[in-house]
Amino acid sequence: MRQGRTWVLVWSVLRFAMAAAVVAAIVGQLIRSVGISADKGWPIAGTVIDFFSFFTIASNCGSVLALTIGGIIGLSRARVDPRWFAVLLACVSTYMLITGLVYNLLLRNIPLPQGSTVPWSNEILHVWAPLFLLLDVVLAPKRRVAPWSTLGAIIVFPVIWAIYTLVRGPLVHDFRTGNDWWYPYPFLNPHVQPWGYGSVALYVLGIAVAVIGIGAFVVAMSRRFGVSDRTPAAIS
């Protein structure tokens, strides 16, 4: 059934719809953030840079790209996803699952300034989009079997992002609080952690283990439910 033409069409449409919802959520929150900064006289450029420095936003931007490409491939005559797209999709799926888990386990109950977030946008970016990518891992037609070497590619972006965040943090003035540092998430901020950088290191290590574990799950699911060049064609 997953390789039938009707299901391929349905899933392509669902991918396009989710990509559009994520774009709307990102734009909605960006407009709110920029609007608050404009009202308070805060720098707009700094607001935008900080906004796109969140792992949530980066991973959701990646999901828009992957879901859009996946929808196009689904509507094409290709029987199975290209190898490069299988790697991209495994990476993005992992990042989105990490986004959902970290937010709902560590960040959901942290109070934020009243009116600073757009509730529906927040739920799409942290709940519904990650859930859709989880379903995509199992249900998407044409999803190619990913090699275990994909784990090496999956870990690259989180490492780069963590280095960027920890190097940039003490160099940026937080115009919202007046602090001489800014970190997108409190668990990466050594100034609010009981053991400083020691606590941060433990969180980073834990998230790294989670990335590898969830990446392994995504690859394993692709090998369980995916298709390969040797899988008999079933789309008609």
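Just so you know, glycine gets a Cβ as well, placed from its N, Cα and C.
TrEMBL labels come from automatic prediction, so no person has curated them.
Residues or ranges marked as transmembrane segment by TrEMBL: 7-31 (among others).
Sequence-distant contacts of the transmembrane segment (51-73) (same chain, at least 6 residues past either end, Cβ-Cβ under 8 Å): 12-13, 15-16, 18-19, 22-23, 25-26, 29-30, 33, 81-82, 85, 88-89, 91-93, 95-96, 98-99, 102-103, 125-126, 129, 133, 136, 140, 142, 157-158, 161, 164-165, 168, 184-185. Feature annotation from TrEMBL assigns transmembrane segment to 51-73 (among others).
Residues or ranges marked as transmembrane segment by TrEMBL: 85-105 (among others). Counting only same-chain residues 6+ beyond the ends of the transmembrane segment (85-105), those with a CB under 8 A from a CB of the stretch are 55-56, 58-60, 62-63, 65-66, 69-70, 73, 125-127, 129-131, 133-134, 136-137, 143-146, 150, 153-154, 157-158, 207, 210-211, 214-215, 218-219, 222, 226.
Under the heading transmembrane segment, TrEMBL lists 125-141 (among others). Beyond the ends of the transmembrane segment (125-141), by six or more residues, the same chain brings 2-4, 7-8, 11, 14-15, 18, 21-22, 25-26, 29, 56-57, 60, 63, 67, 70, 74, 89, 92-93, 96-97, 99-101, 103-104, 108, 218, 221-222, 225, 227, 235 to within a C-beta distance below 8 angstroms of the stretch.
Annotated transmembrane segment per TrEMBL: 148-167 (among others), in sequence order.
What TrEMBL lists as transmembrane segment is 200-220 (among others).
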Long-range neighbours of the transmembrane segment (148-167), counting only residues six or more past its ends (CB under 8 A): 53, 55, 58, 86-87, 90-91, 94-95, 98, 183-184, 188, 200, 204, 207-208, 211-212, 215-216, 218-219
Positions on the same chain near the transmembrane segment (7-31), where near means CB under 8 A and six or more residues out: 1, 48, 51, 57, 60-61, 63-64, 67-68, 70-72, 74-75, 117-118, 120-122, 124-125, 128-129, 132, 136, 139-142, 235
